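**Q** This structure is in C-alpha cells; I'll ask about it shortly.
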Amino acid sequence: MVEISAKSVYKIFSKKKGEVYALKDINLTIESGEKFGILGPSGAGKTTFMRIIAGLEAPTKGELLFDEKVVARNGKVIVGPESRNIGMVFQNWSLYPNMTAFDNIAFPLTNMKISKSEMRQKVEEVAKVLEISSVLEHYPRELSGGQQQRVALARAIVKSPSVLLLDEPFSNLDARIRDSARALVRDIAEKLRLTVIVVSHDPADIFSISNRVGVIFQGELVQVGKPEEIYNSPKSFHVARLIGEINELKGKVIEEDGKNILSIGNLAIPISGGYRGEVKVGIRPENLRLEEEPREEGWVEAGKVRVKITTYEGGHFKVTLTPLGDDQEIIVFMDKIPKEEEMKLFVRPSKIMFFKY
Amino acid sequence: MMRERRVLSPYTKSVLHYIALTIVSVIWLIPVYAMIINGFKSNLEVASSPVLVPPSHPTLSPYMAVAHVLETPIINSLIVAVIASLLSTILGSMGAYFFYVLSNSYFRGSGMLSNFLFSLIALGTFIPYEATLIPLTRFIVDINLLNSYPGLIVSMLIFYIPTAALLMSLFVTVVPKSLIEAARLDGAGDVKIFFKVILPLVIPGFISTLIFIIIESWNNFFLPLVLTTTPSMRLVPVAVEAYTGGYGTLYNETFAVATLASLIPLIIFIFLGRYFIRGLVALGGAGKGV
C-alpha cells in the first residue's frame with residue numbers, strides 16, 4: 001500500500017496553436033488503502049492524471065510523491081513505471097495476444113526473481129479467486145469480454161501491487177455483466193487491501209468502488225469528497241450533471257406573505273434560504289413525483305405540469321414534463337405510464353440545489 | 001429517364017481480369033523462360049536458333065559442365081547472405097522498436113529526435129552503393145576485412161540494417177502502444193518487451209523483411225565485386241558475370257549458370273513466400289493486435 005500525493009501538478013501539451021493545459025494545478029493526496037475515484041467528462045484530463053501516476057507521462061510542472069518519496073518532478077520521471085509496483089487495468093485490457101491467459105498473468109512475475117513453482121502457485125491462486133482457472137490455457141482472442149477483463153485484472157494484482165489503477169475498466173463490457181464485474185473488483189480490492197484509483201466518466205463505477213471521489217473538469221480538480229457528498233451538494237451544475245441525472249431549471253425567487261417562493265412557469269415551490277431574484281436550480285429526478293405516486297412527508301405540491309413524452313429506460317418509465325406556460329423540460333421517473341396529460345407535480349424542497357447564475 | 005448502361009456480367013469481368021493477368025505474367029516470365037531453355041541447348045544450337053525457340057535436342061551437358069563452377073560461390077553467398085540478412089533484420093527490427101518507443105516517449109523533443117534519426121536512416125537506404133565505393137572500400141581495408149566473409153557481411157549490414165528498420169517500422173507501429181506500456185508496468189525492460197511482446201506479434205512482417213533482404217543481398221553485385229579480390233571469395237552474382245566458359249563465350253553454359261544461380265532465391269521464396277504474402281496482408285489489414 002502506498003500514499004500518493006500530487007503537489008500542484010500541471011500537464012501542458014504544446015500544440016501548433018499554442019499550449020493546451022491538460023491538467024492545471026492538481027493538489028491531491030490519496031491515502032494508503034483508499035479507494036479513490038476520478039470522475040470527469042471525456043477530455044477532462046483524468047486519464048492523463050492516471051498516466052502520470054503510473055509513470056507513463058511526466059508532469060510538466062509540479063511533483064508526484066509515493067509515500068513522501070518524489071517519483072516525478074517538473075517534466076522528469078525519477079522513478080520509472082517499472083519500479084513503481086503498479087497494477088493497471090487498461091481500458092482495452094491490453095492483454096498480450098501472443099500469450100495464453102496463464103502467461104499473461106505470469107508475465108509480471110517473470111520480471112521478479114521467483115521460482116517457477118511459486119509463479120504457478122501464485123497465478124493459480126489469483127485465477128481461482130477470479131474464477132478463470134478453466135481458461136488459463138486459452139489465448140485472449142478465445143475468451144469472452146468478461147473473461148478477458150478478469151485476466152487483465154489478474155495480471156494487475158498477481159504481483160501484489162502497491163496501487164491498482166483502473167482506467168475506464170468497465171466501459172468495454174456488456175451492461176449485463178458490468179455490475180458483477182464492479183462487485184468483483186470491489187471485493188478483490190477489499191480482500192487484498194489495495195489502494196485503488198479508478199478513472200471513469202460513469203458515476204456508477206465510482207459509486208460502486210470508491211469511497212472518495214475527485215471531479216476533474218477541463219484539467220482542474222473542482223471537487224473532492226465522498227460520492228454521496230458530491231451527489232447531494234455538488235459545487236457546480238457541471239459536477240451535478242456528471243454524477244447523476246439532474247433537471248436544470250431557471251426560475252425566480254419571490255416573496256409572498258413573508259415566505260420565499262421559487263417560481264418556475266406556473267410552478268410555485270416554497271423554499272427556505274436567502275435566495276432572491278433570478279436563480280438556476282438543479283432538481284434530481286428522484287426528488288420529483290407525479291400525483292399518482294405515493295409520497296411521505298416532506299413533499300409539497302408545486303403545480304400542474306403537462307406530460308410531453310414517456311419513454312422506457314432501465315426498469316422504469318422516463319417522463320418528460322413541462323410546466324404550463326413554460327417550455328423548460330423536467331424529467332421524472334415513474335413505475336408506470338402517467339394516465340393523464342395534465343397532472344400535479346410534487347417536489348421535495350429541501351433537496352433543491354441552487355447554483356450561481 | 002435513366003441512361004442505359006452496358007454492364008459486364010461477372011463472368012466476362014473475371015475472364016478479362018485473367019487475360020490481363022496472363023499478359024503481365026507472360027511478359028514477366030519471357031526472360032526466365034529464355035534463360036532456362038537456352039541452358040538445355042548445345043553450343044551450336046544456342047548460337048543458331050532464335051532465343052525463344054525451345055531446344056530441338058535438349059541436353060543436360062551445359063548444366064553438368066558448370067555445376068562445379070558455382071559450388072564455391074553458392075557456399076560463399078549462403079554464408080554471407082544468410083548471416084547478413086538475419087543480423088540486419090534482427091537489428092533493424094530492434095531499431096524500428098526503438099523509433100516507435102522514442103516517438104511515443106514523454107521526453108521533450110523525443111518526437112523530433114525520432115523523426116530526424118528516422119529520416120537519416122531512410123536517406124541511408126536510398127544512397128546508391130556506387131556513391132560509397134571509395135569510403136566503403138577504404139573502411140573495409142582499414143579494418144583489415146577486405147576479401148573476407150566478415151568484410152562482406154559488415155558492408156551489407158551498413159546498407160541493409162536501415163532497410164530492415166524502415167520496413168519493420170511499418171509492422172512495429174501497428175502494435176498498440178498500450179501493450180508496450182502494459183509490459184513496462186509489469187516490470188519488463190526494453191529487451192524483454194522486444195523479444196517477448198513485439199517480435200512474436202510482428203513475425204509475418206519479420207519474415208517478409210528477412211526474405212526481402214536475403215534476396216537483395218543474394219543478388220547484390222556491386223559490394224562483392226569491389227570487396228573481393230580472389231576467385232575463391234566470389235559470390236554468386238560476380239561468378240555469373242565472370243563466367244564466360246573456357247576459351248570464349250559459351251552462351252548455353254552462361255544461361256545454365258544464370259539458371260542455377262537463381263535457384264536458391266527461388267527455393268527460399270517458394271518455401272517462405274506465403275509468410276511474405278501474409279506479412280504484407282497483415283500490414284494492409286492494420287493487424288488488430290488486441
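Yeah, the Cβs are placed from backbone N, Cα and C, and that goes for glycine too.
Feature list, courtesy of TrEMBL:
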type	residues	note
DOMAIN	B:74-272	domain 'ABC transmembrane type-1'
TRANSMEM	B:15-36	transmembrane segment
TRANSMEM	B:74-100	transmembrane segment
TRANSMEM	B:112-129	transmembrane segment
TRANSMEM	B:149-172	transmembrane segment
TRANSMEM	B:193-215	transmembrane segment
TRANSMEM	B:255-277	transmembrane segment
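Describe the structural context of these features.
**A** Long-range contacts of the transmembrane segment (B:112-129) within its own chain (CB-CB distance under 8 A, at least 6 residues past either end) are made by residues 95, 99, 102-103, 136, 159, 162-163, 165-166, 169, 220, 222-223.
Note on the transmembrane segment (B:193-215): residues 81-82, 84-86, 88-89, 92-94, 97, 160, 163-164, 167-168, 170-172, 174-175, 179-180, 183-184, 265, 268-269, 272-273, 275-276, 278-283, 287, 289 of its chain, located 6 or more positions outside it, place their CB under 8 angstroms from a CB of the stretch.
Counting residues 6+ beyond its ends, the transmembrane segment (B:255-277) has Cβ neighbours under 8 Å at 32, 34-36, 38-39, 41, 46, 62-63, 65-67, 69-70, 73-74, 77-78, 204, 207-208, 210-212, 214-215, 218-219, 236-237, 239-240, 243 in the same chain.
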**Q** Please give the sequence-distant neighbours of the transmembrane segment (B:149-172): residues at least 6 beyond its ends with Cβ less than 8 Å from one of its Cβ atoms.
**A** 76, 79-80, 83-85, 87-89, 91-93, 95-97, 99-100, 118, 121-122, 124-125, 129, 136, 140, 143, 198, 202, 204-206, 208-209, 212-213, 216-217, 220, 223-224, 227-228, 233, 235, 279, 282-283, 287
